[in-house]
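Please read the structure below before turning to the comments.
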Amino acid sequence: MADDESRTILLEKNEDCPGCIIDRTKQQQRGVPYLHLSFIWLVSLCTALPISSLFPYIYFMIRDFHIAKQEEDIGFYAGFVGSSFMIGRALTSIFWGKLADRYGRKPIILIGTFSVIIFNTLFGLSTSFWLAISVRFLLGCFNCLLGVIRAYASEVVSEEYNALSLSVVSTSRGIGLILGPAIGGYLAQPAEKYPNIFSQSSVFGRFPYFLPSLVISVYATAVLIACWWLPETLHTRCRIAQGRLNPTELNDDESRGGGLDEQKIINKPSLLRNRPLMAIIIVYCVFSLQEIAYNEIFSLWAVSDRSYGGLSFSSQDVGEVLAISGLGLLVFQLLVYPPLEKSVGLLAVIRLSAVLLIPLLSCYPYIALLSGVTLHLVINCASIIKNALSISLVTGLFIMLNKAVPQNQRGAANGISMTAMSVFKSFGPAGGGVLFSWAQKRQDATFLPGQIFAPCDEMVFLVLNLVQLVGLILTFIPYISQIQ
């Protein structure tokens, strides 16, 4: 062999190796692996619910802490509580990813699920701002589920169902981001909303934000119990032998689904030098920033007054839009995305989705000119299409990220992506809120007005489209096409 061929470590089959066992199961299994997909769905939902459940009541929670000297300061403190989770996750995602690559996916999933039970419950029992922000930060530090479950989803099913398994992660996460606010909105302050059921002297009267946290923690407990039967996918008990192999053979083996024939390679080059991986992570971060900024802006825009270009929706109206779009998202991901990805390819789906989102977002300000049934019909259709395109982007990037690295580095690779994404997402909500407020204050300004051609917040959606355009351009980085 040539001198530049790298020294690698080879793993031979072992009857007791959990990774080898799952590989044999994949080879023997026929049909859709519903059991494995169910595990993936449950864990993905568990990681999404705590993130979004506090948004409907965080304003009132901060108000009841009496830390804000005036009402205008409540949003300032609420922003710190919201961002503390992402900061904690950004600090520890790489650490958890490396542990998952060393000790396996299952123990890390169990730790992450258990942390939801503990810290999410404590958050609902918080009686001060500093306790709430500390518990939220710790929840982010131990919430290692999303990155690990993405790596797990790509390994537990055969190559044929890879797109389906990762689309289940995206769909469950999307549903969780819709169910979370519903749980928080309906169950917070139950003694005030449902006095016939909950008295002011009960624990739910003394801790008005405990019930939504308790419901999510009970669900997390059920997931923790179910995960005891979760099969491990990491090759942890194979015999190690030194050998030489051309690095291209590793990529060829992984592209065939990561299964073991006679030997399995473990090679750990620096992930930071993996240019296709770094390119995918950069694109993922840009689209994640745009997505979370849109989520923040959409809620503010929908409930704002029509004089500011909003829809004058109630919280119930917004909830209905989110619920309908969530149902449409579920149908799209399970029935439409897998055959679409197979027919046109991953990169084509990502680029097509990014292109179509730009004219769609450009239409949003003009939807505010509608009213009545027409308004509700159009905004629901637009929301379904927007979520379907966004999830197509995310799912495609998930798959390409896992294809960019061998199995024994997928945990660390997803940890790096989670760290970078969490950093970007920590700026998204605050940036989106500032942008929205700035645009509303400049409705009639002569320079960079909030409205341009119509009494709508066009400037807000213009900025969102600029971020979307940057992400689209970045998909043409040459290294990304190498993953196909």
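From the backbone N, Cα and C atoms, a Cβ is placed for every residue, glycine too.
Among the features that Swiss-Prot reports, transmembrane segment is placed at 39-59 (among others).
Positions annotated as transmembrane segment by Swiss-Prot: 76-96 (among others).
Marked as transmembrane segment by Swiss-Prot: 107-127 (among others).
Annotation source Swiss-Prot lists transmembrane segment at 129-149 (among others), citing sequence analysis.
For 168-188 (among others), the entry in Swiss-Prot reads transmembrane segment.
Swiss-Prot lists 210-230 (among others) with the feature transmembrane segment, giving sequence analysis as the kind of evidence. Here the transmembrane segment (210-230) has Cβ contacts under 8 Å with residues 39, 42-43, 45-46, 49-50, 53-54, 57, 106, 109-110, 113-114, 116-117, 120-121, 123-125, 180, 183-184, 187-188, 190, 198, 203-204 of the same chain, all six or more residues outside its ends.
Feature annotation from Swiss-Prot assigns transmembrane segment to 278-298 (among others); the stated evidence is sequence analysis.
Residues or ranges marked as transmembrane segment by Swiss-Prot on the basis of sequence analysis: 318-338 (among others).
Residues 294, 301, 306, 309-311, 382, 385-386, 389-390, 393, 454-458, 460-462, 464-465, 468-469, 472 of the same chain lie 6+ residues outside the transmembrane segment (355-375) yet bring a C-beta within less than 8 angstroms of a C-beta in it. If you look up Swiss-Prot, you'll see 355-375 (among others) marked as transmembrane segment, on the strength of sequence analysis.
As annotated by Swiss-Prot, transmembrane segment applies to 381-401 (among others).
Positions annotated as transmembrane segment by Swiss-Prot: 416-436 (among others).
The transmembrane segment annotation in Swiss-Prot covers 460-480 (among others), and the record cites sequence analysis as its basis.
Counting C-beta pairs under 8 angstroms (sequence separation of 6 or more), the transmembrane segment (168-188) reaches the transmembrane segment (39-59) with 3 or more such pairs. Proximity of distant same-chain residues to the transmembrane segment (318-338), defined by a Cβ-Cβ separation under 8 Å and at least 6 residues beyond the stretch ends, is recorded for 163-164, 167-168, 170-171, 174-175, 178-179, 181-182, 185, 299, 302-303, 349, 379-380, 383-384, 386-388, 391-392, 395. Beyond the ends of the transmembrane segment (39-59), by six or more residues, the same chain brings 74-75, 78, 81-82, 85, 109, 112-113, 116, 120, 123, 139, 143, 145-146, 149, 152-153, 156, 165, 168-169, 171-181, 183-185, 188-189, 209, 212-213, 216, 219-220, 223, 226-227, 230, 299, 315 to within a C-beta distance below 8 angstroms of the stretch. Using a cut-off of 8 Å between Cβ atoms, the transmembrane segment (76-96) and the transmembrane segment (278-298) share fewer than three residue pairs, counting only pairs 6 or more apart in sequence.
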